[in-house]
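Asks: Just passing along the structure, written as structure tokens.
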Amino acid sequence: MHLIDQVLMLNGNEAAVPIKVAIRVRPFVGEENYSQGESCLYCVPGKPHILVKSKNKEYQFDYVYDQNCSQNDVYSGCVTSLVDAFFTGYNGTVFAYGQTGSGKTYTMGIGSCVYLDEIQKGIVPRALNDIFRKKEALQQDVVCKLSVTFIEIYREETTDLLDNSCTLQIREDEKGTTVIVGAREETVDTLDDVFTLLDAGTALRHVGSTNMNEQSSRSHCIFTVKLEQYQFGEEQGMEGKCLCSSLHFVDLAGSERAHRTGNQGTRFKESVSINTGLLALGNVISALTDTKRKKRHVPYRESKLTRLLKNSLGGNSRTVMITCLSPTDADLDEVINSVSYASRAQKIFNQPVVNWNREKSQIDGMRKEINNLRSELQRRRSGDPRDRNYHENDEVNSRVDHLTMEHEKRDQKEATLFNILHEVNAIIHAIQSTHPPLSSQLNLQIESWRDKWKDKSQSNRPLSAPSSIIKMSHEITEQLQNELLHYKERDMENNVMIEKKSNEVDELRQEVIAFGEENAKLRLDLDIAINTTRDFQERLFEQQMAIKHFQNKQPGSHPSTATVTTLPSDNYSTTRGGVRPRPNRMVERFRVKNDLLVSEIDEMDWVEHDEVGICS
């Protein structure tokens with residue numbers, strides 16, 4: 001039984017499985033080796049337990065790797081099972097979580113894979129080696145197709161690292177699975193092809209230097225390998241079986257604290273975006289592990305990271321979470337936070353199922369058949385009539401030869417059966433002649449059987465009319481021609497529908513452009529109206545001030561005590577495209593207010609002199 005057949009027999013019997021959580025403690029690096037400090041963590045030998053010394057609290061996980069473990073130990077311990085399940089139709093996810101500088105990118109190995117030593121290679125290159133090795137070892141009747149995508153999330157914007165000119169959108173299909181629309185999916189045939197794409201995408205990833213890490217990842221990235229396995233047997237034809245599975249490798253940016261990283265400006269904004277995405281991831285983990293609520297809402301839509309990890313956290317995937325920790329006392333708070341999240345993530349259960357896509361196999365088979373018919377039709381059209389007749393006669397002759405062989409095989413089987421019947425007839429005759437007379441009822445049954453056998457033997461004649469074979473071949477040829485005509489009609493219908501949809505998309509695009517132009521025009525009119533209103537208000541204020549000064553200068557008149565209307569505060573929107581006060585207007589406003597204060601002081605001096613005169 002083929003591998004795909006075994007997988008399909010098990011389909012539907014899957015049970016919920018928990019997320020596997022691994023802890024990896026990196027060794028001391030750089031100046032940490034000279035600080036003479038002790039590790040704040042202790043890995044219990046022989047057990048998947050880790051002890052936080054300051055809290056004297058012990059945690060148990062699925063896997064625990066101390067400072068002395070190798071890259072191969074991590075991969076063979078917790079990732080090889082995902083690669084095996086990947087070839088049986090299950091989705092898989094491996095993601096590294098932890099603070100900045102804890103060794104996530106080193107563990108995942110998303111980087112330059114070609115120039116690294118075999119010992120230094122991380123999870124991704126080792127998994128790719130196993131994937132191509134397993135692909136070569138598959139049986140001949142299983143056709144594999146591998147493709148990859150490489151996505152980056154930088155400051156809540158998704159970018160295609162294989163083609164940064166693409167515009168990506170996150171959507172959900174009819175099954176509720178999150179998909180990325182517009183991402184470039186590159187088909188790969190060799191391991192070198194994958195490494196080339198991986199290195200090219202890594203070169204475009206956002207990386208920067210901080211006080212805690214010289215090569216700090218400033219974004220989250222997701223490298224996905226998709227596998228399609230087709231099995232086409234002689235009897236299946238286009239009704240073959242197709243397994244479609246995906247394996248995601250996620251390298252998360254590390255959580256950061258501004259007072260330790262020293263980030264400013266753009267680096268500080270990057271830190272805020274990173275921490276926001278990781279906070280949303282923590283909220284999803286908390287919601288999935290909250291057993292007190294009967295109807296729980298999982299906030300997948302709080303960030304693009306959690307939307308893309310929706311299928312890996314509580315969905316259709318086998319998931320391994322590798323939590324990377326720093327052993328220094330200075331990172332104790334981050335260590336406790338990471339261990340706490342990892343402990344809660346163990347309580348998340350996924351529902352992985354075998355991803356069998358029967359419709360895709362049928363569609364691909366039909367497309368292949370249509371392409372073959374098109375090429376055959378084009379070949380016949382390009383040749384002269386004699387060649388076309390020759391090929392048609394050759395095809396008919398091959399059909400006739402095939403039917404003749406089938407007829408000969410059937411004649412051989414019939415001859416064998418008749419020989420057996422002759423032997424049976426002789427044995428029955430011998431029984432009747434040597435033994436005592438049989439019962440009359442049994443003799444009647446034997447004679448009835450002999451009559452039927454004689455009629456059958458006399459009617460057995462070889463086919464003497466080869467015209468029937470030719471007629472059958474003509475019928476098959478006509479049937480093939482009808483199928484070709486049917487496929488051509490369907491192709492024309494599809495082309496008409498595609499053209500119609502393209503026209504609709506163009507119309508919608510034109511409407512969007514028109515709405516954008518109208519919006520820009522209205523925004524410009526609004527800015528002009530606001531500026532005009534402000535100019536009128538300033539002129540009104542200046543005229544009121546001039547009237548007050550004129551009244552004060554009149555002989556025998558007391559200074560006016562009428563209130564002067566002040567300019568309204570700048571309560572206009574300061575958002576993008578809004579109106580901001582110009583520098584010359586601010587200076588003019590300051591001068592006007594200064595004149596107002598001077599006039600008030602003069603008024604107070606006049607009142608004091610008047611009171612002194614009355615008293616004297």
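Yeah, the Cβs are placed from backbone N, Cα and C, and that goes for glycine too.
Automatic, uncurated: that is what TrEMBL annotation is.
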Asks: Among 50-77, 190-217, 498-525, find the range that TrEMBL records as coiled coil.
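Replies: The listed stretch tagged coiled coil in TrEMBL is 498-525.
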Asks: Can you tell which of the binding-site residues (Gly98, Gly101, Gly103) has the fewest other C-beta atoms within 10 angstroms of its C-beta?
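Replies: Each of the binding-site residues Gly98, Gly101, Gly103 was scored by Cβ atoms within 10 Å; lowest is Gly103.
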Asks: Over all shown protein chains, what is the count of other CB atoms within 10 A of the CB belonging to Thr105 (ATP binding site)?
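Replies: A 10 Å sphere around the Cβ of Thr105 (ATP binding site) contains 25 other Cβ atoms.
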Asks: Gln99, Ser102: which of these binding-site residues has the sparsest Cβ neighbourhood within 10 Å?
Replies: Gln99
Asks: Name the residues of the same chain, 6+ apart in sequence, whose Cβ is under 8 Å from the Cβ of Lys104 (ATP binding site)?
Replies: Ala96, Tyr97, Gly98, Ser217, Asp251, Leu252, Gly254, Ile322, Cys324
Asks: According to DSSP, which kind of secondary structure is Thr105 (ATP binding site) found in, if we only use helix, strand and coil?
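Replies: Where Thr105 (ATP binding site) sits, the three-state DSSP reduction gives helix.
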